[in-house]
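Trainee: Sequence annotations record features per position, and here Swiss-Prot assigns N-acetylmethionine to Met1 based on similarity to another entry. Positions annotated as NADP(+) binding site by Swiss-Prot: 11-39. What Swiss-Prot records for Arg21 is omega-N-methylarginine. Per Swiss-Prot, active site, proton acceptor is recorded for Tyr149. The feature active site is assigned by Swiss-Prot to Lys153, with similarity to another entry given as support.
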Amino acid sequence: MDLGLAGRRALVTGAGKGIGRSTVLALKAAGAQVVAVSRTREDLDDLVRECPGVEPVCVDLADWEATEQALSNVGPVDLLVNNAAVALLQPFLEVTKEACDTSFNVNLRAVIQVSQIVAKGMIARGVPGAIVNVSSQASQRALTNHTVYCSTKGALDMLTKMMALELGPHKIRVNAVNPTVVMTPMGRTNWSDPHKAKAMLDRIPLGKFAEVENVVDTILFLLSNRSGMTTGSTLPVDGGFLAT
């Protein structure tokens, strides 16, 4: 199925690894031009070697001023994927100020800032656009030691709805994808303990974790005109976890 992404220009944050990297590769394969944002230069260099033509931008999205400078002249963007995130896991009684600041700065504040930059450009050009925020099932279910992470993703879901409300009149659609555990290299490492994995898998009706392509396919669908009447949604990619 042709998603009609050829010739469009996309920006993907957290593009160096995992879901972000795979999203960049899928967008390029679909004929889109892609700006890849990561804080890790080595990851960007490796991505460009694998996929020539990707436009790399190296910046720490937790730094508001640096992000403003790095993206102020990024050029026209039609599609945005806010994927960058951190997960700093601590028991509630041990949550630190540093974990709060870092998590909210990257997982929420940076989404606001990058989306403002991109949406203002869309509005100035008078063109429609699509934004996808990568959220999590943790936005809607409490998970042990995920106090700050769950809170940032819950806020991201509401931000998605607010953006959809206020950007809709400008023909900009905004949606979120909410995956379960995803089998990125980090996901495989973090959930390699069979006892830990079983506790989560027992809550997933399909009995398995998500593969990266499950999430990427959903992102591309939400970016495409095939989802032209969909905005303000938080779409689970969770094997039924949120249905239980």
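Every residue, even glycine, has its Cβ placed from backbone N, Cα and C.
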Trainee: From the Cα of Ile19 (NADP(+) binding site) across to the Cα of Lys153 (active site), what is the distance in angstrom?
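Mentor: For Lys153 (active site) versus Ile19 (NADP(+) binding site), the Cα atoms are 16 Å apart.
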Trainee: Closest of the binding-site residues to Met1 (N-acetylmethionine), Cα to Cα, picking from Ala15, Ile19, Thr23, Gly31?
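Mentor: Comparing Cα positions, the candidate nearest Met1 (N-acetylmethionine) turns out to be Gly31.
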Trainee: Just to verify a number: CA distance, Ala15 (NADP(+) binding site) to the residue listed as 'omega-N-methylarginine', in angstrom, no decimals.
Mentor: 5
Trainee: Just jot down the residues in the same chain as Ile19 (NADP(+) binding site), at least 6 apart in sequence, with C-beta under 8 A of its C-beta; none if empty.
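Mentor: Expected: Asn83, Val134, Pro179, Val182, Thr184, Val212, Val215, Val216, Ile219.
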Trainee: Could you list the residues of the same chain, at least six apart in sequence, whose Cβ is under 8 A from the Cβ of Leu27 (NADP(+) binding site)?
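Mentor: Listed in sequence order, they are Leu5, Ala10, Val12, Val34, Leu79, Leu220, Leu223.
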Trainee: Near the Cβ of Thr23 (NADP(+) binding site), how many other Cβ atoms are there if near means within 10 Å?
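Mentor: That number is 27.
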Trainee: How would DSSP class Leu11 (NADP(+) binding site) in three states?
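Mentor: Leu11 (NADP(+) binding site) sits in a strand per DSSP.
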Trainee: Any idea what the Cα distance is from Val35 (NADP(+) binding site) over to Arg21 (omega-N-methylarginine), rounded to a whole Å?
Mentor: 11
Trainee: Let me know the DSSP-derived helix, strand or coil state of Met1 (N-acetylmethionine), please.
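Mentor: Going by the DSSP assignment, Met1 (N-acetylmethionine) belongs to neither helix nor strand, so it counts as coil.
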